[in-house]
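Sequence annotations record features per position, and here TrEMBL assigns transmembrane segment to 35-59, 80-110, 130-154, 161-183, 203-221, 265-287, 402-425, 437-465, 486-511, 517-539.
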């Protein structure tokens, strides 16, 4: 028995040591990698310290809210309310945070993890041992260690509930992280094993991204939404239900000790243990299934009559490039999800408008800006496909014009249809004032899209950063972490600055009280956007002619990072 345990644990410990060996090797790879890891350590330390301070402060309990002398019944009522709120926040907040982290794990790590199971296929490690080793290596990483220490540092927040609750909170901290890591590993394994077709992967990627954005926006929507109010009874019932799920069970354990609910404590510990076991079995099954089905094809041959989309493009160099770009976009989930941003903005602002339709109409502005987000790194998304243009001697101006034809037409049709739907939904077409406002916002949205597209045609030539492979959208290409965080910010700020003339005109007209303000702003916004677009095509084409060879070399290096 002891020999079997040692035989199992030796590969597990080897994988943990390998995890840290790869981490230190990455730190020595470049100065920027070292700086990035140093920032991670600082953030981790800040998380632990912040959690410790919060725990000490909240450990005062209801005394934080005490003002003057309270009677015994008032003090008891305050303690009960504080306990109710504290429990709901810990259980519901902990469960939501766990779900959020799982989504982040799927999106940010996904198939691109350094400790990917597929990279150990040739070493003859037993499936269960490999699954256990990958779980242990994940628990030994900086995020898991920092999260565990943060939860332990937060344990003094239970001080006012007694020593038993504090000790239980300390014990529950690693249990929560183990559960979270187990669920993350299982979800990643299932997503890569069961979703095998390219169409399925694309749909799964889009669903996960949309779900992530919605979860991020839910607190803002709930606070600013119409008629939102917290029902203590409903919150308590929700916390009670989540306490019997793997996401919230660990956060309920200190309260079970406080209430003396030993049966509930045992049930929740059993839920956590069962979750770990099922996750281990699921991950092991995924490894076995992937090994047995490796090499199987799941792709179905598509049938296209004639030359497809190329038949609808102009008979020119730029027309051929436009056709290629459309063919790429139809099968690229990395860029497709950005096209849903205007709809998401409409959904979010519709819940927060409070009857003020101008709040809803501004979704067109943000939608216009975000639609060209991927195009600002368009050459990196093209990858080696761009090398064909260089070999064919395509001029930079033709390439920029081709991209503008595709993105510009799509943005125009998309935003106009969305504006028409908003016009019908809000009823702003009934009044001349609200109609002019709708026209102004629609034109401003188009102007933002055009100006952003023009800026993207320039930035995509000079500021490129690695992107995931088209067949593995959840992968995380190594290197260029600073560029991945900074270059998109350049595009966002630049797009806003390009529309500054329109903003200045709108402010001046609003101050002076011009009657036809909406129509004037519409004309200025369109002129502003089209001017930025024309300038972007010209300047982007010039820069592309000068940097074609360097761009091809950069794209080759990006391709090596995607392997």
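From the backbone N, Cα and C atoms, a Cβ is placed for every residue, glycine too.
When Cβ distances are compared across the two stretches, the transmembrane segment (265-287) makes contact with the transmembrane segment (130-154), since 3 or more pairs at least 6 residues apart fall below 8 angstroms. Listed by sequence, the residues of this chain that lie at least six past the ends of the transmembrane segment (402-425) yet keep a Cβ under 8 A from its Cβ atoms are 317-322, 325-326, 329, 339, 342-343, 346, 360-361, 363-364, 367-368, 371-372, 375, 378, 438, 441-442, 445-446, 449-450, 453-454, 456-457, 533, 536-537. Sequence-distant contacts of the transmembrane segment (161-183) (same chain, six or more residues past either end, CB-CB distance under 8 Å): 61, 83, 94, 98, 101-102, 135, 138-139, 144, 147-148, 151-152, 154-155, 246-247, 249-251, 253-258, 269, 272, 275-276, 279-280. The stretch in 35-59, 437-465, 486-511 that contributes the largest number of Cβ pairs under 8 Å to the transmembrane segment (130-154) is 35-59. Counting same-chain residues at least six beyond the ends of the transmembrane segment (35-59), those with a Cβ under 8 angstroms from any Cβ of the stretch are 23, 26-27, 86, 142-143, 145-147, 149-151, 153-160, 481-482.
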